[in-house]
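Student: Annotation source Swiss-Prot lists disulfide bond at 4-25, 10-30, 14-32, 20-35. Marked as site 'Basic residue of the functional dyad' by Swiss-Prot on the basis of experimental evidence: 24. Per Swiss-Prot, site 'Aromatic residue of the functional dyad' is recorded for 33.
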């Protein structure tokens, strides 16, 4: 899991770790979508 301050913090980690193209920052944790 990746901590974040905003959705912009999540895009690269989501792509690198999961291959998911979409992401959001929810409760200071990245959520990855579109896997």
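Cβ coordinates are placed from backbone N, Cα and C, and glycine is handled just like the others.
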Student: Just going by other Cβ atoms within 10 Å, which of the disulfide-bonded residues 25, 30 has the emptiest spot?
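Tutor: Selected from the disulfide-bonded residues 25, 30 on minimum Cβ neighbours within 10 Å: 25.
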Student: Just to confirm: which same-chain residues, 6+ apart in sequence, have a Cβ under 8 Å from the Cβ of residue 33 (site 'Aromatic residue of the functional dyad')?
Tutor: 20, 21, 22, 23, 24
Student: Between residue 4 (disulfide bond) and residue 30 (disulfide bond), find the distance joining the two CA atoms and give it rounded to the nearest Å.
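Tutor: Rounded to a whole number, the Cα-Cα distance is 6 Å.
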Student: Using DSSP and collapsing to three states, where does residue 35 (disulfide bond) fall: helix, strand or coil?
Tutor: coil
Student: Around residue 10 (disulfide bond), which of the listed disulfide-bonded residues (25, 32, 35) come within 10 Å, judging by Cα atoms?
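Tutor: The disulfide-bonded residues close to residue 10 (disulfide bond) (Cα within 10 Å), listed in sequence order, are 25, 32.
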Student: Among all the protein chains here, how many other CB atoms are within 10 A of the CB of residue 20 (disulfide bond)?
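Tutor: The Cβ of residue 20 (disulfide bond) has 17 Cβ neighbours within 10 Å.
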Student: Ranking the disulfide-bonded residues 10, 35 by other Cβ atoms within 10 Å, which is at the bottom?
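Tutor: Ranked by other Cβ atoms within 10 Å, the disulfide-bonded residues 10, 35 bottom out at 35.
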Student: DSSP three-state call for residue 20 (disulfide bond): helix, strand or coil?
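Tutor: The residue in question, residue 20 (disulfide bond), is coil (DSSP, three-state).
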Student: Whole-number Å only: compute the distance from the Cα of residue 32 (disulfide bond) to the Cα of residue 25 (disulfide bond).
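Tutor: Pair distance, Cα basis, whole Å: 9 Å.
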Student: According to DSSP, which of helix, strand or coil covers residue 10 (disulfide bond)?
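Tutor: In three-state terms, residue 10 (disulfide bond) counts as coil.
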